[in-house]
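Listed in Swiss-Prot for this protein:
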- 1-79: topological domain 'Cytoplasmic' (TOPO_DOM)
- 80-105: transmembrane segment (TRANSMEM)
- 106-109: topological domain 'Extracellular' (TOPO_DOM)
- 110-125: transmembrane segment (TRANSMEM)
- 126-137: topological domain 'Cytoplasmic' (TOPO_DOM)
- 138-147: transmembrane segment (TRANSMEM)
- 148-178: topological domain 'Extracellular' (TOPO_DOM)
- 158-168: motif 'Involved in motor function' (MOTIF)
- 179-208: transmembrane segment (TRANSMEM)
- 209-230: transmembrane segment (TRANSMEM)
- 231-243: topological domain 'Extracellular' (TOPO_DOM)
- 249-261: topological domain 'Extracellular' (TOPO_DOM)
- 262-283: transmembrane segment (TRANSMEM)
- 284-291: topological domain 'Cytoplasmic' (TOPO_DOM)
- 304-338: topological domain 'Extracellular' (TOPO_DOM)
- 339-361: transmembrane segment (TRANSMEM)
- 362-370: topological domain 'Cytoplasmic' (TOPO_DOM)
- 371-388: transmembrane segment (TRANSMEM)
- 389-396: topological domain 'Extracellular' (TOPO_DOM)
- 397-406: transmembrane segment (TRANSMEM)
- Ser398: site 'Controls the electromotile activity' (SITE)
- Arg399: site 'Contributes to anion binding' (SITE)
- 407-410: topological domain 'Cytoplasmic' (TOPO_DOM)
- 411-429: transmembrane segment (TRANSMEM)
- 430-436: topological domain 'Extracellular' (TOPO_DOM)
- 437-459: transmembrane segment (TRANSMEM)
- 460-467: topological domain 'Cytoplasmic' (TOPO_DOM)
- 468-483: transmembrane segment (TRANSMEM)
- 499-741: topological domain 'Cytoplasmic' (TOPO_DOM)
- 718-741: region 'Disordered' (REGION)
- 721-730: compositional bias 'Low complexity' (COMPBIAS)
Amino acid sequence: MDHVEETEILAATQRYYVERPIFSHPVLQERLHKKDKISESIGDKLKQAFTCTPKKIRNIIYMFLPITKWLPAYRFKEYVLGDIVSGISTGVLQLPQGLAFAMLAAVPPVFGLYSSFYPVIMYCFFGTSRHISIGPFAVISLMIGGVAVRLVPDDIVIPGGVNATNSTEARDALRVKVAMSVTLLTGIIQFCLGVCRFGFVAIYLTEPLVRGFTTAAAVHVFTSMLKYLFGVKTKRYSGIFSVVYSTVAVLQNVKNLNVCSLGVGLMVFGLLLGGKEFNERFKEKLPAPIPLEFFAVVMGTGISAGFSLHESYNVDVVGTLPLGLLPPANPDTSLFHLVYVDAIAIAIVGFSVTISMAKTLANKHGYQVDGNQELIALGLCNSTGSLFQTFAISCSLSRSLVQEGTGGKTQLAGCLASLMILLVILATGFLFESLPQAVLSAIVIVNLKGMFMQFSDLPFFWRTSKIELTIWLTTFVSSLFLGLDYGLITAVIIALMTVIYRTQSPSYIVLGQLPDTDVYIDIDAYEEVKEVPGIKIFQINAPIYYANSDLYSSALKRKTGVNPAFILGARRKAMKKYAKEVGNANMANATVVKVDAEVDAEDGTKPEEEEDEIKYPPIVTKSTLPEELQRFMPPGDNVHTIILDFTQVNFMDSVGVKTLAGIVKEYGDVGIYVYLAGCSAQVVSDLTQNQFFENPALLDLLFHSIHDAVLGSQVREALAEQEATAAPPQEDSEPNATPEA
């Protein structure tokens, strides 16, 4: 078989032929039989919901306490090695990040270690993701620090006359109290949202919004770390324009920078950048990523202790890391009214980051995570952790990738990482007291690389979606200059406004037919597509509701070029010309079709109807004009059917239905039929509930598809033409007579 024959056979087999009736809605319903649905009473539903069975109890336990499901099924020989390696790798990264992120949270470094221990243990019991690493996260830590600095600024005067500049410990103790209160309220909010099954709130934080927000947060973190890198003493700012004030403060004091501190920081910065590039390039050959941050901490501590950098060169170091765990303490709930806005923002951002990474890794490894249970888990981690003086936590992106990439299989990997932190807290913490803060600053800045790379989103969104570009930019700018809390609120409002804008200003398309097919596509996009004679097909890609119904009606008339008011006015003028030529003065007052209101002869407009009155359209028949009158009619007055493609309309409200009824009636007044094609069951239900089909004959306007509507229109016109040809001439009939519907 040669290539030509094969091509011909292939072309023949890639066709389909269908012979079926034209499916209007009534015809289709006659062919279908709805399935009987058993509707349960409210009493039956309540009885079923509160029925207690062993299986239901077991499922509830599995849902609320996931460890009871995955731990008994733990494959020891298959999982244990990967979890151990992953736990150690994550733990050595969690140590320096915990110390560094405590600086962002404006609390002593040891509290970063507490926050790397307690919440991780809690998540092991209640979390559903096997691979994410829970603990301090730069963005959340910065948001906590913003609240702490706002309520306890650097120059605060402690009650009793002790100035904060002379009592750093007293100031830090107050900031810890603020951080505990914010963390407790954040946990309560997350837990309540999870119990109420509000896990869907994350969908309102779109990807452009989250990426713009985290990029702005990265700039905030970067500016916050500059003073530690340069070794200068500056006031820490929070709130509106804090990033500007922080940058200006560092630049004003740059002449006082500590050269030794900057040198150590830059050395670690270069080591980490080069090492991370090495890890990325040879990740396929390395059994596990090199723990660069841990080596940087060890090296920085060794150099600082060996050369007495703090005593000899005034390099700021971590300072005292008290051994042992602190006893539980009650957070100060009296601060809730001062921090509730921040707590809401932290709760939502923390959950959004966590569920995003959890779903990404779950999809990669073929399991599911429960968004509502993740909210509950985060809520318990934060609320319980606050009792042990931790600050709010979330999922760390960098540590999660390490935990997954080094072979972690279950939540036990995170548990092992937290045990390494516990070892530091109980026994070895004093070894890191000489660690320069510049080293921690360099670690934080290097880990911001991934967030700064998100600036590359801008050209991508410029090419793909200007609306998503707008969301990204407005989120970034508002979060950068208004602060992360108010910036997030502004961003969510802007994102919701874009949803309204998209539905209020959808795309309107006039469709044409690909010749000899049942395919209908945009007539302006392809040369081969042609309009069906006498038929206009109009498509909208959004629901029709109160926000866009008037725009839909206007767009229909504008895009199709068929405006009933103009047609009526033009026909009036044609009648006048015709009457003048035949010398029949009475013809000037004749009407072309039956209408429900007087129409102005000049512009074809109607007087306003009563606002609350919904007049649903009658079934109209097109009038027959005298043949002599046709030459006076305006060009293009030959459209007999408008087909509204509703395949992309997913719902209609009462205002939309009223507008549609007005459209059908308005076109019907000039003898033009309006058909609805491709209505979903929901749209048909909306039309029915709003009494659009009060006249049952209007069901004949509904067709299963565009092609059904086109064929139905052509059959109707052909039958009308046959009847007009077969009907005997009526010499006594008046030219303005209108056939009865």
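Any Cβ shown, glycine's included, is placed from N, Cα and C.
Fair warning: this is a prediction, and the values are worked out from it, not measured in the lab.
Comparing 80-105, 138-147, 262-283, 468-483 for CB pairs under 8 angstroms to the transmembrane segment (397-406), the maximum falls on 80-105.
Tertiary proximity for the topological domain 'Cytoplasmic' (460-467) is limited to same-chain residues at least six positions away from its ends with a CB under 8 Å from its CB atoms, namely 208, 498, 501-502. Around Ser398 (site 'Controls the electromotile activity'), the same-chain residues at least 6 positions away in sequence with a Cβ under 8 Å from its Cβ are Leu93, Gln97, Asn447, Gly450. Its own atom aside, the Cβ of Arg399 (site 'Contributes to anion binding') has 26 Cβ atoms within 10 angstroms in the protein chains shown. Contact counts against the transmembrane segment (371-388), taken as Cβ pairs under 8 Å, peak for 179-208 among the stretches 179-208, 262-283, 411-429, 468-483.
With a threshold of 8 Å between CB atoms, the same-chain residues lying at least 6 positions outside the transmembrane segment (138-147) that come near it are 101-102, 104-107, 178-179, 182-183, 213-214, 217-218, 220-221, 224, 236, 238-239, 242, 339, 342, 345-346, 349-350, 353, 391-394, 444, 447-448, 483-485. Only residues 6 or more beyond the boundaries of the topological domain 'Cytoplasmic' (284-291), in the same chain, are considered here, and those with a CB under 8 A from a CB of the stretch are 85, 89, 92-93, 275, 278, 402, 405-407. Touching of the transmembrane segment (339-361) and the transmembrane segment (179-208) is concluded from the presence of at least three CB pairs under 8 A, sequence neighbours closer than 6 excluded. Here the transmembrane segment (179-208) has long-range neighbours at 105-107, 111, 144, 147-148, 329, 331-333, 335-336, 339-340, 342-344, 346-352, 355-356, 370-387, 389-392, 457, 461, 468-469, 471-472, 475, 492, 495-496, meaning same-chain residues at least 6 beyond its ends whose C-beta is under 8 angstroms from one of its own.
Taking every listed stretch (209-230, 411-429, 468-483) in turn, the largest tally of C-beta pairs under 8 A with the transmembrane segment (80-105) is reached by 411-429.
Broken down by DSSP into helix, strand and coil, the topological domain 'Cytoplasmic' (362-370) contains 4 helix, 0 strand, 5 coil.
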